[in-house]
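Below are the C-alpha cells for one structure; questions will follow.
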Amino acid sequence: MKKTNNKIKTSLNYDHLFKDVDHFKPETAVYDFGKILSIGDGIAKISGLPQAMYNEIIAFPNNIYGLVFNLEEKVIGAIVLGDDQLLKEGDEVRTTGKILQVPVSDSLIGRVINPLGKPLDNKPLPKSQENMPLETIAPGVIERQSVNTPLQTGIKAIDSIIPIGRGQRELILGDRGIGKTALAIDTIINQKGKDVICIYVAIGQKASRIAKIIEKLKSFEALNHTIIVTANASDPASLQYLAPYSGCAIAEYFMNKKKDVLVVYDDLSKHAWAYRQLSLLMRRPSSREAYPGDIFYLHSRLLERACRLNDKNGGGSITALPIIETQAGDLSAYIPTNVISITDGQIHLETDLFFAGIRPAINPGLSVSRVGGSAQVKGMKKVAGKLKLDLSQYRELAAFAQFSTDLDPETKKIIDRGSRLIEILKQGENQPVPVEDQIIILWAATKGFLDKIEIKKIREFEKAFLDHLKSQYLKTVENIRTTKDLDPKIEKDLEKAILKLLPDFEIKEEVENNEKNENSNQLSQNEEITKELKPEKPTTKKKKNKRKPGKK
C-alpha cells in the first residue's frame, strides 16, 4: 500500500510540473545595438540602431543615457544626458524602448530640481508616485473650457488693464534688466493662500541669480507653493533645451489632479538659443537668424499644453507666463513675433518708461490680453473700462501737449487726470496689492477724486485712504473682498470716506493762483525778450531796393 501511495504522489507532482511547462511563456527582450562614431559637445553620432525612435532614450556605457534627436539614413544623432568625457569612439550603444520621463509627486513642492528630476537643494531625492513624459499631445478643444477665473497678480497695471485668467498664456517681453523676472516673481508671491501651485523654470541663468530668487521666495513664504526647475548657464545645452518641457510635465501632473498651476518660463529666448546650438551641431539646415526651420513648433507645442480643462476632465488649469528678451525694444525679431502669435496676449515693458521712473514699465498701448477680460471680477470690470479710456485719451493728447503751451480746459483736465492715473499705477517690487484695494483706489482715480491732489502726494494719499477705510469702514472693505463688486451703497460709503480725507491733500487755491501768476509773468518776460531780439526791419528796405525801376 505504501508503494502505491508513493507512486500516486509522484505522478501528481509530475502532472503539476507538466502543467507549468505547458503554461510557460518565455519573455524576450529585443535590443538594437550600435556603436559611437564620434562624440563631442554633448552630441553623439551613432551607427546602427535601425529601430530607434525619435525622442527615445538610449543607453551608453558607464550608466550614461542619451536622447535620440536626429534620424538619418545610416547614422543617428543623439543628445548625451551626462558627462560625454566618459564616452569614446567605438563604445557600444543600445536602445531601451522608453521615452524621456520625469518623476513627479506632491513632495516636489518647495524643492529645487534639474530637468531630469534630480535634487539641487542638498536634500534627499523626492519620493516619486509616478513618471510623466516630458512631451505629450496638448489637450484638444473638446477637453477644454473657456478662461473664466482670474489669476490675480497683485500688480495694479496688469490686473486692471491686461488681466490674466487661469489657463491663459500671457507673454512678458522687454529688454534686459527692466523688470520681466520681477513681474513673474511678484505674481508667484501673490499666489500665497490662493490654492495655486507655481513652477518657476529657469533656463540658462546664472546660479547666483537663481539663489537670490530662491531666498526671495523663502522670505515671502512663497516657496511653500513653488517648485523650481533649473538648468543653469553652466549646464549643457541639452538640459537647457529640456527644462521647459520638464516644468510643463510636472504642471500637467497637478492639473490632472484638479489643481490650478502657474508656470513661468524664464526665458524662452535662451531656450531657443540652446535649441539652435544643438541643431547646428547636428548639421541641421538653418533659416532666419540661424535658427532651424522648426523653431516655431519648438515653442508652440510647449505653450499649447497650457489650458483650462472642462469639469468632465477635472477642471484643472495651467497658466503659462513665458518671458522673452528683446534687443533694443525690437518686437519684430524672429522669436518675439513667433511667441506673440502663439500666446493669448503680451505685456510689453519699455526701457524709456523704466528709466523715467514708471515701474512696472508697462506700455499699455503695446500690451494686450485677448481672453483675460472675461475672467475679471465685476468690480474691476467697472473700474477698468473707464481707466483704459482715460489712459488712451491721455496718450493721444500728451504728445500734442509737448508742442503747444495754450491748452483748452478740457484737454488740460484729461492730461491732469492721466498723469495722476500713471502715478497710481506705479508700484514697488515685491509689494503685491490685494484686489479689493486695487478696486477702491482705481475707483477713486477714475471718478475724478484725485484730480485736485498734487501728483507727488498721490502715493501718500493712497496709503492714507486705504488705512482710513480699514479702520473706519472695515465692513465696506470686507464686502468688496467677498463680493468682488461695487454696488451703490458701497460707492456711497467710499465717497463719504474720501471726502473726509481730501481737504488735507488738495491743492490750495492760493497756491494755484500763485502758480498761474508765476506762469503768466514768465510768459510776459519771454515775450519781452523775443521783442528785444527781433531785427528792426532791414528786410523791408531790401524789398524796396529790389523794386527800383533801374533794376528791372
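First residue shown is number 1, and so on along the chain.
Including glycine, each Cβ sits where the backbone N, Cα and C put it.
So TrEMBL lists the following for this protein:
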{"type": "BINDING", "residues": "G174, D175, R176, G177, I178, G179, K180, T181", "note": "ATP binding site"}
{"type": "COMPBIAS", "residues": "528-539", "note": "compositional bias 'Basic and acidic residues'"}
{"type": "COMPBIAS", "residues": "540-552", "note": "compositional bias 'Basic residues'"}
{"type": "DOMAIN", "residues": "34-97", "note": "domain 'ATPase F1/V1/A1 complex alpha/beta subunit N-terminal'"}
{"type": "DOMAIN", "residues": "154-369", "note": "domain 'ATPase F1/V1/A1 complex alpha/beta subunit nucleotide-binding'"}
{"type": "DOMAIN", "residues": "376-498", "note": "domain 'ATP synthase alpha subunit C-terminal'"}
{"type": "REGION", "residues": "510-552", "note": "region 'Disordered'"}
{"type": "SITE", "residues": "S367", "note": "site 'Required for activity'"}
With an 8 Å cut-off on Cβ distance to the G174, D175, R176, G177, I178, G179, K180, T181 Cβ center, who else from the chain surrounds the ATP site?
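Neighbours found: E325, L349, F354.
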If you measure R176 (ATP binding site) to S367 (site 'Required for activity') at Cα, how many Å is it?
18
I178 (ATP binding site) has how many other Cβ neighbours within 10 Å of its own Cβ?
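I count 22 other Cβ atoms within 10 Å of it.
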Measuring Cα to Cα, how far is K180 (ATP binding site) from S367 (site 'Required for activity') in Å?
14
Among the binding-site residues listed here, G177, G179, whose Cβ has the fewest other Cβ atoms inside 10 Å?
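Result for the binding-site residues G177, G179: minimum number of other Cβ atoms within 10 Å at G177.
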What count of other C-beta atoms do you get within 10 angstroms of the C-beta of T181 (ATP binding site), across all chains shown?
19
Return the count of C-beta atoms lying within 10 angstroms of the C-beta of R176 (ATP binding site), excluding that atom itself.
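Excluding its own Cβ, R176 (ATP binding site) sees 11 Cβ atoms within 10 Å.
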Looking only at the domain 'ATP synthase alpha subunit C-terminal' (376-498), what is the model's average confidence as pLDDT?
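PLDDT averaged over the stretch: 91.
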Tell me the coarse DSSP state (helix, strand, coil) of T181 (ATP binding site).
helix
Could you measure between I178 (ATP binding site) and S367 (site 'Required for activity') for me? Cα positions, answer in whole angstrom.
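Approximately 15 Å lies between the Cα of I178 (ATP binding site) and that of S367 (site 'Required for activity').
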What is the separation, in Å, between the Cα atoms of S367 (site 'Required for activity') and D175 (ATP binding site)?
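With distance taken Cα to Cα, D175 (ATP binding site) is 15 Å from S367 (site 'Required for activity').
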Is it possible to list how many residues within the domain 'ATPase F1/V1/A1 complex alpha/beta subunit N-terminal' (34-97) are helical, extended or coil according to DSSP?
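Its residues fall into 3 helix, 38 strand, 23 coil.
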What are the non-local neighbours of D175 (ATP binding site), defined as same-chain residues 6+ apart in sequence with CB under 8 A from its CB?
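In sequence order, the residues whose Cβ lies under 8 Å from that of D175 (ATP binding site) (at least 6 apart) are E325, T326, Q327, A328, G329, L349, T351.
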